[in-house]
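First the structure, in the form of structure tokens, and then the observations on it.
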Amino acid sequence: MMQHTSVWYRRSVSPFVLVASVAVFLTATANLTFFDKISQTYPIADNLGFVLTIAVVLFGAMLLITTLLSSYRYVLKPVLILLLIMGAVTSYFTDTYGTVYDTTMLQNALQTDQAETKDLLNAAFIMRIIGLGVLPSLLVAFVKVDYPTWGKGLMRRLGLIVASLALILLPVVAFSSHYASFFRVHKPLRSYVNPIMPIYSVGKLASIEYKKASAPKDTIYHAKDAVQATKPDMRKPRLVVFVVGETARADHVSFNGYERDTFPQLAKIDGVTNFSNVTSCGTSTAYSVPCMFSYLGADEYDVDTAKYQENVLDTLDRLGVSILWRDNNSDSKGVMDKLPKAQFADYKSATNNAICNTNPYNECRDVGMLVGLDDFVAANNGKDMLIMLHQMGNHGPAYFKRYDEKFAKFTPVCEGNELAKCEHQSLINAYDNALLATDDFIAQSIQWLQTHSNAYDVSMLYVSDHGESLGENGVYLHGMPNAFAPKEQRSVPAFFWTDKQTGITPMATDTVLTHDAITPTLLKLFDVTADKVKDRTAFIR
């Protein structure tokens, strides 16, 4: 019996059988969400034949990719193991949160810090990686491969490539009308294919980064003509706080008709204007934040070249406005890169943030960014000042960590990161409690500004960088490509407040606005004009 087991264990397999086996495994285990989306779009009862051909085409594509990537004997096993691990990791986040892997999502992943990564890890993730990644990889690693001679190997490899192409092309030809509609109307469904989509996006991102590295690094100016009509020596200096929000969605704002009072403190402050129809530039922090300060607008904006483009903060700094960015999130996403480092401060640790020990998770709170702002004002006495406060806000999936106990108004709450396993209302409760903390932070920001209203014309602008999915259609978090992102990820709250003495008039609450309105708003607040955005709608008149 022992001898029989030993012989079985060392039984050799053809490299082509091994490649085909991995392709079958990845097709079946890494694409559950893809097939679920397919069955929703094409009900199996009416489209069984077509749905089966999609499975065949996907297997053909998987077989082609694995064959091409592992064509050399010394890379065969490493490549197959890498594909198995990649399939396990990417499919977990796709199946759990609805994540798709375009270049923007990959950039987000690369910029995720240790705390954010920890929020995403759990027992289910580890079990998925072991079951669908590690164990199959061990089988690949230890199986004996019987490599043919070079000539036979080449012919068989070519045969496998031809077979792969046949598996792809024949069903497409046989169901040409179906596939014409599939590729034209339902193009976003392809984004759920793992690990093919991540592989494609990695290649695309590498190409983008190479072009960026070889491109000229000179700043492209968009507002050389910018002029400030009045200076602080001609009027009261202006003090503006811009709260860059995180992951807040407009339909959970009480001002917009939400049944819960999620912004009770703002509702008590005179002069707050809520904007109910604002669309974000993108669905991720890495994409949206640079866009919020860009001159290009969402239609022209390119996240890959944004750091080499003049933004509105560069302009205001050049004109003499004192700029400060405090960050309790990740960083400024390149917005502050061209300004002196002293104008940026990291408030995600107790080094700068004085309010980090009010919760069991030792998370630094957004309100800590308000501590010590009086010192900045004193150091820039009599000057125009713009202060950016970049929130942690409602960053998921651990919404329950984003607020102190005093904001736990809605209970019970989801206290885990496997959101689909939480009772849905408990997930909503945790998210809404985090909004209460944001309400408090904005209110305190306004109250701080009011203490300086005698010496300065004071104003506050709040806009969230993007929204959030909370389980609608099985999608969680954010980061979907704009082409098919749900409205929950792009419809964001925005508020404006100004002291009555400033004479500034906000736009109507139902004005249709986007992140494109931020740059002209910041310019107007400091009496600056620039031709590039002179016709762009702002949050103020």
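The backbone N, Cα and C atoms fix where each Cβ goes, and this holds for glycine too.
These numbers come from a predicted model, not from an experiment.
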In Swiss-Prot, Ser14 and Asp146 sharing a membrane side: yes
Position flagged as phosphothreonine [Swiss-Prot], chosen from Thr285, Thr451, Thr509, Thr537: Thr285
Same-site residue for Zn(2+) (record: Swiss-Prot; known: Thr285, Asp465, His466; options: Glu246, Glu259, Glu310): Glu246
Recorded disulfide counterpart of Cys422 (Swiss-Prot; options Cys364, Cys414): Cys414
Within-chain partners of the transmembrane segment (15-35) [C-beta distance under 8 Å, separation at least 6 from its ends]: 55, 58-59, 62-63, 65-67, 70, 73, 76, 80, 83-84, 87-88, 90-91, 94-95, 98, 132, 136, 140, 143, 145-148, 153, 156-157, 160, 189, 192-195, 474
Glu246 (Zn(2+) binding site): tally of other CB atoms within 10 A of its CB: 26
Within-chain partners of the transmembrane segment (74-94) [C-beta distance under 8 Å, separation at least 6 from its ends]: 15, 18-19, 22, 25-26, 29-34, 66, 100-101, 120, 124-125, 128-129, 131-134, 136-137, 140-141, 145, 192, 194-195, 197-199
Rounded inter-Cα distance in Å - Cys364 (disulfide bond), Asp465 (Zn(2+) binding site): 20
Separation of alpha carbons, Glu246 (Zn(2+) binding site) and Cys414 (disulfide bond) (Å): 19
